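The structure appears below as structure tokens.
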Amino acid sequence: MVNTELYYARVWIPDPEEVWKSAELTKDYKQGDTVLHLQLEDGSVRSVGVNIDISSDDINYGDLQHKLDPNTKTLPHLRNPDILVGENDLTALSYLHEPAVLHNLKVRFIDSKLIYTYCGIVLVAINPYETLPIYGTDIINAYSGQNMGDMDPHIFAVAEEAYKQMARDERNQSIIVSGESGAGKTVSAKYAMRYFATVSGSASEANVEEKVLASNPIMEAIGNAKTTRNDNSSRFGKYIEIGFDKRFHIIGANMRTYLLEKSRVVFQADEERNYHIFYQLCASSRLPEFKALKLGTANDFHYTKQGRNPVIDGVNDAKEMCTTRSAFSLLGITELYQMGLFQVLAAILHLGNVEVKDRDSDSSIIPPNNNHLMVFCDLMGVAYQDMSHWLCHRKLKTATETYIKPVPRLQAVNARDALAKHIYAKLFTWIVEHINQALHSTSKQHSFIGVLDIYGFETFEINSFEQFCINYANEKLQQQFNMHVFKLEQEEYMKEQIPWTLIDFYDNQPCINLIEAKMGILDLLDEECRMPKGSDDSWAQKLYNTHLKTCGLFEKPRMSNRAFIIQHFADKVEYQCEGFLEKNKDTVNEEQIHVLKASKFDLLVELFQDEEKVTSPTGAGPPTGGRTRLSVKPDKGKSVQASKEHKKTVGLQFRNSLQLLMETLNATTPHYVRCIKPNDYKFAFTFDPKRAVQQLRACGVLETIRISAAGFPSRWTYQEFFSRYRVLMKQKDVQSDKKMTCKNVLEKLVQDPDKYQFGKTKIFFRAGQVAYLEKLRADKLRAACIRIQKTIRCWLARKKYLRVKRAAITIQTHVRGHQARCLATFLRRTRAAIVIQKYQRMYVQRTRYQRMQAAALAVQCILRAYVARQQYKALLREHKAIIIQKMVRGWLARQWYQRSLEAVVYLQCCVRRMRARRELKKLKIEARSVEHYKKLNIGMENKIMQLQRRIDEQNKENRTLSERLSSTESTHAAESERTRRELTRLRGAEDEARNSANRVASLQEELERLKVELQSTQKEKKAIEDWAQTYQDEMEQMISELKEQNHLLKNEKNDLNRLIQEQGQQWTEKMQRALKEETSQLESDLNEERSRYQNLLTEHLRLEEKYDDLKEEMTLTMNVPKPGHRRTDSAHSSNESEYTYESEEGSRGMEDVTKGALDMALVLKLQKRVSELEQEKQGLQNELDRREEQFQRARARDDEQHKKARSAELEYESLKRQELESENKKLRHDLSEMRQSLMGSVGASSAAPGSPAYKVLLDQLNASTEELEVRKEEVLILRSQLVSQKEAMQHKETMTDSLHYVEDVQKLTDAKEISQAYMGLKDTNRSPRFLRKPLAVNELENRLRAPLPDMHKINEDGELWLVYEGLKETNRLLELQLQSQRRSHEAEMEALRGELQTVKEENHRQQQLLAQNLQLPPEARIEASLQHEITRLTNENLDLLEQLEKQDKTVRKLKKQLKVFAKKISDLEGGQIENVSPGQMADEPMHPVNIPRREKDFQGMLEYKKEDELKLVKNLILELKPRGVAVNLIPGLPAYILFMCLRHADYLNDDQKVRSLLTSVINSIKKILKKRGDDFETVSFWLANTCRFLHCLKQYSGDEQFMKYNTPKQNDHCLSNFDLAEYRQVLSDLAIQIYQQLIKCMENILQPMIVSGMLEHETIQGVSGVKPTGLRKRTSSIADEGTYTLDSILRQLSSFHATMCQHGTDPELIKQVVKQQFYIIGAVTLNNLLLRKDMCSWSKGMQIRYNVSQLEEWLRDKNLMVCGAKETLEPLIQAAQLLQVKKKTDEDAEAICSMCNTLTTAQIVKVLNLYTPVNAFEERVSVTFIRTIQNRLRDRKESPQLLLDTKTIYPVTFPFSPSSLALETIQIPSSLSLGFLTRV
């Protein structure tokens, strides 16, 4: 560019590798400088010489300097600001030049993964070499109906623009897709066709759009091949015209092809393949139907193995063959013709393997019986000899004679290959013609859209005739493109009244003249072909002689005489003349053609016949009617003979076809798609700048940029300019007229008036001016930011200073306080030290005195102790001597006793050992069994009880022994007393013996005898005491061992109980989790089934409507008036709007009359489809019933399994109890044996007196027995509790709580209640002698709550049950009283809260209305106040009506009471009259009696006559105005009236009347919805009434599940004769259809508002400015008049809600509608956000979050927060948060992954890729960060779908909502004109 200064310091410099590199000036450039000092982006500093053209050859990155051209002083290209990089439209760039275009495409392709970019009117598409999820049906729906500039660039946007312009301008359109091989032309054209097929649909049932799409795989199979640049390269050009009717539905298509590369059939270069169809055939050769073709692998044939790489990675040729055959079948080509085509193709392969050998130098021969030639002849149905002869010979004709001449081997091979190419070309043409026949429509075509998929500019090392024709076609297309671009620029300037001058653009007409003009290259080529001895060399000389000196675009190579150079618009191309003549002639041996025409193979003969004689493979003749198709080849007149068809050259044919194409394109509105190949290695998202620049230059994109940059490329509307650059204006500059404001400001900002122009609606800028304005804006914002930062930093610094000052003062305060406290501490310590010293000295003196005193006392003590010890030792020695004597004597006695005892113990041990061994043997046997091990583990608790019982029994036995010992001791004491008395007597006798000497001897003997007896008695007593002591020790040891064992068993029992509880809890949790999962799965399945069912209903309704439309259309067709009388449109519309059943009857009669003339095929087809849908519906209903039944069965099965488990547990507990009882019996038996053995061992000594061992033993036995009784009582208590709980549980049905058998026990949480029950049971069941200390309450609670065994057999007397039941009953009564009081209190509080909330809402509503009215203009304020007043009066009217109804009820009730009282009075008066005599009666005067009129008691029914049914339906449904009914009458009044009529028909038991009424009602509702289905008020009204009618049918059906909500009077009004369950299902289906119609109607109203209100409109003004836009203008985000805002959406939602509330729609249904509304708003907003790069910014995220908060506030105001609507906005909320969060570090990535849990990975990555800074202060998201997000979200299992389905409708349910309105109180207003109805 030519400049004298640089606005920016960033420039583009040429680079040999990257084409252009970005650099920054390190030194300011001044005029006159010859050197630019630059620093590249990589940081290196280089001196770059500035030259004229800044070409890469003249730049050196060393320290060399280049002189500046003094004439031009050309400077490098300037860089655009970063904020403009990555724009959707290249024309939005301020600096339009090659490096800016290349950089913008690279940033979008590499960083943002965006493959589409606009360049003015051109869509640039870069091949990603990767499958992207941006072509689904959801994307198509998102682009459908959108303006081209409103969405991100896409092939669908171009297709939508073409479709819209066709419909709007009624002008044919063309989409021109060009690019070199491998750039993606075919795929782009395919997607454009798919878009048309999806959006427009087919006008008939023939599925034409599927046929159009089915032609693609066929054409790819026969026309595409693998090349070094592309795996699926189109080797021909094609132009497909897609035809549309008047309603713009696809009705057909037509295809033209250009320049098929026939040479590929016989030759392929390395790493290339032949056409796909050949490899598909070889891959399918093993199929049975292909056995006759005698095929093998691709490596077996010469024509398919030359490329040496017959396989394409990722492509299955066999599967592709199936696709091709399916496409053939869909297009109507029969199996017979398909096999014929494959037969011809196989014959071509075999022909290529025919080997020709030399006979001599001038002749050749085919060896006899050549297998491949034989197969070829068999497949083609020709003679082997003829074909082998003419392959090696040719016929020469002269004027008089004909010669047959042999040809050399090389010519024979060439003839063979020419024949193969000719056959394939004929086959290709035949297939194209029959595809066109299959796609042709019999109806008239109104318009068409053409899709041109043609090769781009090509240049190779060796360029031949094919490249010449391709580049010739591109020259013609480029000329058309340049003219169209220039025309658009000129129209834009004229429209805006901008002065313009002619723009100098490249005109390639001289190059076209060089090729196609008279004596041009093609003319000379045809002339040379007509020469008998023409050659390539002679043709080259003619070219040199003719054009070398006369045309500057024609050149001759220096080193060659057989080539020429043409300067095309894209580049210079050198063509080699060799082969031009041969390819232009395209000759084939006519004798070979004659042999083929004589074939017995019908298809082969058909291929070589004239076009008129070709028959259709589907059996149909040539099409008639419709438009004349443009043929692929020039039209051959009837006079042209078939033999001359080979004499027309290929060049002439191509020129004529190209001329027809250009005429077609010039007659249409073109749309351009330029496909770019990013690299030559097919790497995904890899950008090669060199290759990209070559293609951009060749395809005309840079020429478009140059034309745009030559004028005013940047264009802004005044509003956009004002919004973006208002920051550059001062307050005084802003005027009311924004146009004048923009003019004044722009004149101040840009001094040069030539840099801009003011149009009518836009401002036009020269290149670079927008960048300059953006610099000014950024500088202004930066200055404002600096000022804000300065102020904030000052404020922060002052805050910091004040904070430091306060801290310093605080520190000083604390330091001074610390010093004062230290001084006080010092003084206290000094005083304390003096006191301590005083007490210390006193302590020392006292200690010294005490020590001296202690020493004196110690001396005295020692002396006295010594004396005492001496005395003690003397006494001790005497005492020890006595003790020794005693011990010796005792030892001798004990020795005798010990020997006796050891003998007894030894005998006992032997006996016990024998028994123990027997017992041990039994225990070992039991221990070996698994069952015993299980019993030991299971019955630990019971064994503990057994051991306790054993201890009790032993205690009893001990108590018995103690008693016996005590009796023995008493006996022994009496004997001792007797002995003492005898001793006294003897002493007396001794005294007497003194006197009597003769009796001394006898008395002494008696005394000795008594002494001996006494000693023996004492010895026996001692032995008994020793034995008792030993026994007591053994018993204590045994008891301690039993206690230890008991403790161990208790621990094991606790462990087992804990394990059982844990297992039970785990099992319960597992069951609950499984049940929850199964329930959720069943619910999801139910929702899916419901959704499928409702979708089928929708499809059924659509087919019904289509059927009705077709029937009406047929009726209108049959009722076309005669030419003499024609009805006007007004009469037609008026008659059509007035619907009556009489007209319906007339139409039915007319249908019966004309039934024979109707085409019943379509009707029968629709009826069949309806019946299929009905069957499918019934099947779905059955499936739903089956699922519900399966759920019930599963539930019952779980109950049964639980019961079985419980019964098994009870049986197990019973077995344990029996085992314990047997063990108890055994222990009792052992105890009795021990008692007997004890009694036997004691023997006679048991009666000995003074035996304490028996007493001790008996005491222990008594204690054990008492403990045993206490345990028994506790067991009885617990068993009774379990029995009661089990009996109570038998009346409960529960599944989820696995511990339900302790539920009532656990209710006894009050410790007092438990203790009272326990004490009461003890008082009842225990005797006083067993009273002991009761168990602790906590222990009892734990035992009650522990899992207990079955206790059926415990509470035998039943007293325990009665006590417990009494306690429970008392507690229940108290709880019921408390709950009733609590409920009444809560009800009162709730009523008060409701009244308070109502008052608050009314106050808030009034304030909102007042605020809204104040914001409105005066006229709107008056209208709003009137509307509010009307609404208020309506609500008051409804309230008054309700009060009036209540008063009417009260009046009627009082009247009834008055009648009763009057009757009683009359009865009393009658009785008095009877008692009066006749004379008295005659004397009294007769008074007139006032007889009251009896009030009729209505039954809530309406009677009507059969003939009034049509009038009822007409007045109540067809002609009813919803608005009047909703405002003035009871909600749902039509439904109540219809039901009351239905009740009367049911009361009469008239089934025909019931059926007729219901059918008429349903049909009438369908008709009114069909007629006014786009009116939301009508649809909402009939949805509410249909649901109310359905609820009435349920409420009064007589079913118990519905009757429990009724009053007794309402139950009396139930239907008595008919079960209308089937009609309820029909009405439910009708309600579903109405609901879906309501959603569609609502969606149609909301759809235009959503994007504008939620995304484009700036609710918070000034947050974001409008970025510069390109040629494709977006919808303005400034709220102009007519632009929808968020307030528009909220007002519309409020209108929907108010309408549904007025109509009395069920609240639950309103919630579902609101949820669907919010889903649509969220889905549409998010989808547009994902498809619009300009909306993905930080400021837009804030706008979206504010808008969502306003929607949530609306939900809060309407009390709809719990309806699930907020959750539907969660994806949109998360997308808005994603736009605002930080996006740099790994922590940010982790936060994003955890935050965006409702967004899919594709959506998150898409938002991050689309994120675009609006201001220079924002940063783009790095590619590394996006890859980090992708890696973190890799493990997510989710749908790959990018967009949300906006057509999704949540399954609707109609919860039963009974009405409290009494039918007998309903009054019919006269405004409904239902006077013929009579209340019954």
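Each residue's number is its place along the chain shown, starting with 1.
Heads up, the Cβ atoms here are built off N, Cα and C, so glycines get one too.
Here's what TrEMBL has on this protein:
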type	residues	note
BINDING	Gly179, Glu180, Ser181, Gly182, Ala183, Gly184, Lys185, Thr186	ATP binding site
COILED	1364-1464	coiled coil
COMPBIAS	615-628	compositional bias 'Low complexity'
COMPBIAS	972-994	compositional bias 'Basic and acidic residues'
DOMAIN	6-64	domain 'Myosin N-terminal SH3-like'
DOMAIN	85-778	domain 'Myosin motor'
DOMAIN	1559-1835	domain 'Dilute'
REGION	614-644	region 'Disordered'
REGION	658-680	region 'Actin-binding'
REGION	956-998	region 'Disordered'
REGION	1120-1150	region 'Disordered'
REGION	1175-1209	region 'Disordered'
Task: For the domain 'Myosin N-terminal SH3-like' (6-64), mean pLDDT (0 to 100) - done: 63
Open item on the list: Please list the DSSP helix, strand and coil residue counts for the region 'Disordered' (956-998).
Closed with: 42 helix, 0 strand, 1 coil
Open item on the list: If you count, for each of the binding-site residues Gly179, Gly182, Gly184, the other Cβ atoms lying within 10 Å of its Cβ, which residue has the minimum?
Closed with: Gly182
Task: Sparsest Cβ surroundings (other CB atoms within 10 Å) among the binding-site residues Ser181, Thr186 - done: Ser181
Open item on the list: Neighbours of the ATP site Gly179, Glu180, Ser181, Gly182, Ala183, Gly184, Lys185, Thr186: Cβ within 8 Å of the Cβ centroid, same chain, sequence order.
Closed with: Asn127, Asn230, Ser233, Ser234, Gly456, Cys675, Lys677
Task: DSSP residue counts for the region 'Actin-binding' (658-680), split into helix, strand and coil - done: 9 helix, 8 strand, 6 coil
Task: Neighbourhood of Glu180 (ATP binding site), C-beta criterion under 8 angstroms, separation at least six - done: Arg229, Tyr455, Gly456, Phe457, Glu458, Cys675, Lys677, Gln695, Ala698
Task: Local Cβ density at Ala183 (ATP binding site) - other Cβ atoms counted within 10 Å - done: 26
- [ ] Report, as a single number, how many Cβ atoms besides its own are within 10 Å of the Cβ of Lys185 (ATP binding site).
- [x] 27
